[in-house]
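Per TrEMBL, the feature domain 'RNA polymerase beta subunit protrusion' maps to A:39-407. Annotation comment: TrEMBL describes A:187-364, A:440-504, A:541-602, A:623-654, A:1041-1126 as domain 'RNA polymerase Rpb2'. Annotation source TrEMBL lists domain 'DNA-directed RNA polymerase subunit 2 hybrid-binding' at A:670-1039.
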């Protein structure tokens, strides 16, 4: 911890002398404190907490009343809503709290009841019911309603839960599901763009709870138009202004600006309006009404007048997010005029076009927001259903009074939520939203892959589009999204990962901020004329994309707002920034903004001092205290742009406003594992980010309790000798995935070409790279309608020996396999049999059964680790078996270092053949030096030095990005301990016994074993199954398929002229079929008889591929006759 | 001038002749010296090693007699034991070719037989350790038994006999410690038998085995597994004789390796400040300081043996050219660390015996081949 040269730059000493600031070397200590409250997966949890505690109440508040058309006196009002603690209904009316792990094991959903308090009328009575369940909400692990919330490690252990598991996912039908962070363009903001014709347009995506609309201001032949989906054609802007009540052309012009350039560019638009002879609001409304697309109302559609429709359109559809109070469109008019103004100014070159890929213009949608969208839709549907029921039931004369509670069914909400989360299909009807792949199964290959998945950001862009803009690295991504961690291939640059310190905001109430702004001297737009709005000294003030007003002293406003925020009078996550070009102050309090903490610098001095850090060390300060004390604050991307942030203390000058906490936090979780990543070629870090997720090791402290479909574990995982701060922060050392192998960088035997590795057999014997592969097999015993059920029988006995038959050898007396047994291919795991009759009750005969055993399939035998007998939600028996294989590394298994250097085992050499150094140490792995020059992974070289120095000193060294232990220090350690300064040893060949002619770079490097293993892939077949339709060999290893002689291979053989080989490969060995062909008509016959010619005279037998015969028949069925023309071969 | 002329002509001629002879002589000696150097030393250069290969066969150098001479070999060959105890041994083997020296190392690692647990019969294992992993761990425990007393077991033999198999047993169950205080958190206090050590393995003598030897693991403190109350391990094991070639657990040595004797030559006098610098470039005790005739501090090589060949001296430009680093090619500093019950010297002599057996069988094969050839002729 102490050995950490803060700055690797050469000239830091000079700065240190001139700077009075005492060293803030341990400011990284803020990080673990930060990670306790924010960052990593906390944004998922925060957003979900916000949803179940705040947002859900708002949704209910907005949809609180259900009225019926049938009875004006009848009503149903929601008073409150509440999401409870997760539980499970064990049997009728018996519920009990449940742990997430139980849900995982029993294939259940970890969900809690949603209860409402309602007030409704029953007959003439007014009834209040409290705690009425309306459905079940899947609960995010570690959220405020989760049983894990606020528990300590011991309590976690009791619940079979890993304390390092990040949470933030759902358990849905026993499967862990993550709602990926969705990145999208920010709502309710103007985006000025240039189209292909070089014309400037301004678009706004408006989004409210009710509606999502899009408005574009475009130019056509010098005129400005409003484009909107509900309109049949583009609407001249002046018409819209007039319809909004601004009838005078002068007022319109003043709203846009009375600058000469503006006026000359806008004049044609005014003229156009004149030409259309629209002068009054009424005329304009009529005109707009005539252009509005009529909705095909399904039922109960009331036709309204054109002006009403125009009014409605103006109020709710056009720029839906700008509020219209009492049909006063003024603020909307101002907004529209601003859009036009921006287009003109951009056209004139006074403003720049906006960047769509800029992260200030992006919002992240998190689990809470997405579930909230879904829930609101469901809740509305739930209420319309209730209304429908009320409408239908109330008029009917009935004995009992109509009680709506009887009709409140839980399954609509429960099933839809479960279904959405388990399939990932997000269907929100009212926004016409249909998204696929929103959720993914949490990858539990390793701890890192699970953690990496929680920080993944998915872009809404189409993956097939070949545009580079959204894929390339954006400068505004700095510190927010990891620059290294992105997949290769089609999703490259579209799927990203959060950096270590990124936090994503949740919605903050707008009203108090608005009030505060007015108190700080912002003048309300409603009070101002166009001329005043655009006056030269005024700055417009925007709050979440809405115009609030104008201020004369923007500096003071921004200063005061920031001051108040730092002192806690304003929410921490409200961002304030000035845009001098736009002459506006933007204030954002909406959710989904990326932000990260910075140390505040005042008068060239960071406010955080070493005393503060000292207090932090002693546990007297938390991150919260730093925030409250105004020492540290969160900046979002927009505000970051408005600040002057120093990378470290030495770079602070008089302009600096903030100081970076630690530069390595700009990397994400996966890239944080790489030692010395700043010395590597950048694609190598990207490769490692992808491979770190495939490395096997440990997945959690509860790994032995889990029954996953596939789980890879290392028998002897080790913590890396060279670690980084990130590794410590994310507890990778406690849940490692890899081993420190002694490697020798040298050529050996020729079995090491193309990155192949040579392993030491003795190391493998002693447990290097040994792994456990767990798979599960499950069996459900059902109960059927006729009271019959699946049964499990004990093992069948051999008639002679009275011992179980071979297939049943592994079975216990209860017919389920015994834990600890070894099972081989085709041996039975559960001796299940199903009743033949499942629908009809037949009392005379005892039910007949058919054997449907669940048997083991696989070429390599497995051990039974454990058997779970339980029941799932449908109350059917559930038997889960965990099967285990232990594998030692073999030829072809894949290994990789932490620098994107993967390779397969090319040879496993005897220990005595391996080279050894003067101390007798021989390497575990030999790596070919050709791996270095083209890959330029200098970080790996440094890692070796660091590990070697760490090994001789018995301590861990750091390879933290942009820091880490200095090479000179490490080399000094080596030479002090009698090793070569450069890490090169004199090695002796184990084969000849002579010294090697070169010094060999030799030392420990952390190696990961990747999940790709030969036994899972090896495949060969001689004869085997064939597909039913084509009679060709099946495809794929899992179906014991053939190996295809493909088109290109075929081409080679054609080129070579090996026609008989081709015939054999493509027909004889594949789907040869004998057909009878009539030589006269050329059609296929049968049994030496041509049905068309009614003769067998010219029928000949020949061999063609079955697929060919099939084609002929299919063509025939489509009324196309393929005729085969036959000739004796000697007459050709 | 005229007088001088003939003289002038004569002297150079004579001189030339003289010089030729002299050059030839010095060439010869320096060549001899050079060849000797090449034959016996490998040089550590800054970036690589040179003369690493053995040239110990006739005809390697022109004019140098490299023919095998057993008398010469006998007079040159020496073995010096530096240190020895029952676990570790260091000895020098001087005057032998690398291939032979390496053969002993290879045999020690891979071909000296030992006993190790090969079959594990699991009766009960409720611990968190998987059966295969437990078996693997048990297999790697070195046993204190003299493998020479046993035979190799037949591959198809499942039971084993007293001559080729050792039966061992490990039966342990973890329980709560009833006398532990209630607030105890230390597992050592709370539980009994919560750690399974190699010392818990019990040998069950088979036949008359108990008369011949006493078997136990070499170390009693190898942690095999950790248990918690209710966990139980009940296994029976069979240890058999095997070779390190087949599995590393049969290897009798923790390591057997050698290094060559380093040699440091100071090419010129090193005095003054350079002395300390030079001293720091080598392992402690390699470079000494003495007072020379000029009453200066001068460096001298005390003993190069301790040097680790870190070549630190090449990093000092002022010293780089004043030092020559080399190793003696036929001086092997052997170190053998026994992992099993046998003493390292026993293992080494075993390895020699094995090599001798191999040689004998090879000779026999050669004889047979000769005989066969004769027969066919």
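Using the three backbone atoms N, Cα and C, a Cβ is placed for every residue, glycine included.
The average per-residue pLDDT of the prediction over the domain 'DNA-directed RNA polymerase subunit 2 hybrid-binding' (A:670-1039) is 91, rounded to a whole number.
Here the domain 'RNA polymerase Rpb2' (A:623-654) has Cβ contacts under 8 Å with residues 6-7, 9, 12, 15-16, 19, 21, 23-24, 30, 33-34, 36-38, 358-360, 362, 476, 479-480, 503, 505, 562, 565-568, 572-573, 575-578, 586, 588, 593-601, 604-608, 612, 616, 660-661, 663 of the same chain, all six or more residues outside its ends. Note: the domain 'RNA polymerase Rpb2' (A:440-504) comprises 17 helix, 14 strand, 34 coil (DSSP; helix = H, G, I, strand = E, B). Scored on C-beta pairs under 8 angstroms, the neighbour of the domain 'RNA polymerase Rpb2' (A:187-364) with the top count among A:440-504, A:541-602, A:670-1039, A:1041-1126 is A:541-602. Per-stretch counts of Cβ pairs under 8 Å to the domain 'RNA polymerase Rpb2' (A:440-504) identify A:39-407 as the leading one among A:39-407, A:541-602, A:1041-1126.
A contact between the domain 'RNA polymerase Rpb2' (A:541-602) and the domain 'RNA polymerase beta subunit protrusion' (A:39-407) is present, since 3 or more of their C-beta pairs, 6 or more residues apart, lie under 8 Å. DSSP assignment over the domain 'RNA polymerase Rpb2' (A:1041-1126) gives 32 helix, 20 strand, 34 coil.
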